[in-house]
Amino acid sequence: MTSHLKKVELHCHLEGAAPPALTLAQARKYNVDTNAFMRDGVYLWKDFAEFLVCYDKVSEVYRTEEDYALLTETYLEELAGIGTIYSELIVSPDHGDRIGLGADAYMEGVSAGIRAAKEKSGIEARLIVTGERHFGPERVVKAAEYAAKSDNPLISGFNMAGEERMGRVADYARAFDIAREAGLGITIHAGEVCGAFSVADAVELVRPARIGHGVRAIEDADLVKRLADLGTVLEVCPGSNIALNVFPDFPSHPLRKLRDAGVRVTISSDDPPFFHTSLKREYELASTAFGFSDDEINAMTRTAIEAAFLDEATRAALLARL
């Protein structure tokens, strides 16, 4: 199907990519009982709120710089094995602080994993620092300040994730101003759990180059046209959207409608093992569930490289590999 195609992923949360087998090994290492959040190699949750709790439980078994290097390298090697040439990982230095590891050690572990994976397979990767909306504006601003001041060359963008129903986008706008002034690429989660208004607010108040998900924009034809006119890129994660019941099934998912309306769309996996998916599956779904041709899928991959937060020399090299 799509195994012969090069792949790019712009939207994946690092801890959300933790393979259950690795999480189980980590839990045994730290003597953590996994029954509350994992059974038979499957992460357990029922709705978005429970998903966030499960996500945090899984994250708790990754505790050291070495743990994060291992997690990062493991996921990137998985991607490289299916023909992925570039990945952006959404990471949270604030999480490093919360678990007592520290933001710097957390980021160094992740960065070491990126370097190790690149040395083995040649895969390129960058880091998107995220603030988590449900922890409030001050924490999101702190995350932006961390990203803005960091001298880590792998940090290339800033994002806001978490519980979309908490607070107004306006409450968090300062964080994005800080990141933008530092030259970081700007993306934001919107239009996933909440409707088209969430995307409209993000466009108006944050002015992002990209939007994580953004699929609920389909509910407002004028907004869809605006996204197309602006060239705003959507990081679409169909498997995640179905798993979270954003849409009931793939025939009702608007990926093709958005693309046909001129919106620039890309394909990602979000939190793959939580949603019983993978980047490989997302590309296959583009073919089987949405009916995209190889040329159309390659065009979305090209869009992802064009929209990636990275230097122009690396972008040109990646485009040459398609």
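Glycine residues also receive a Cβ, built from the backbone N, Cα and C atoms like all the rest.
Checking the candidates His134, His189 against Swiss-Prot: the one annotated together with His11, His13, Asp270 at the Zn(2+) site is His189. Checking the binding-site residues (His11, His13, Asp270, Asp271) against Glu192 (active site, proton donor) with a 10 Å Cα-Cα cut-off leaves nothing. For the Zn(2+) site, the Cβ centre of His11, His13, His189, Asp270 serves as reference, and the other residues of the chain with Cβ at most 8 Å from it are Cys12, Gly16, Ile90, Ala161, Gly212, His213, Glu235, Cys237, Ser240, Ser268, Asp271. Rounded to a whole value, the Cα-Cα separation of Asp271 (substrate binding site) and His11 (Zn(2+) binding site) is 9 Å. His11 (Zn(2+) binding site) and His213 (site 'Important for catalytic activity') have their C-alpha atoms 9 Å apart, to the nearest angstrom.
Counting other Cβ atoms within 10 Å of each Cβ, the lowest count among the recorded positions Glu192, Asp270, Asp271 belongs to Glu192. The Cβ of His213 (site 'Important for catalytic activity') has 27 other Cβ atoms within 10 Å, all protein chains considered. Take the CB of His13 (Zn(2+) binding site) and look out to 10 A: across all protein chains shown you find 23 other CB atoms.
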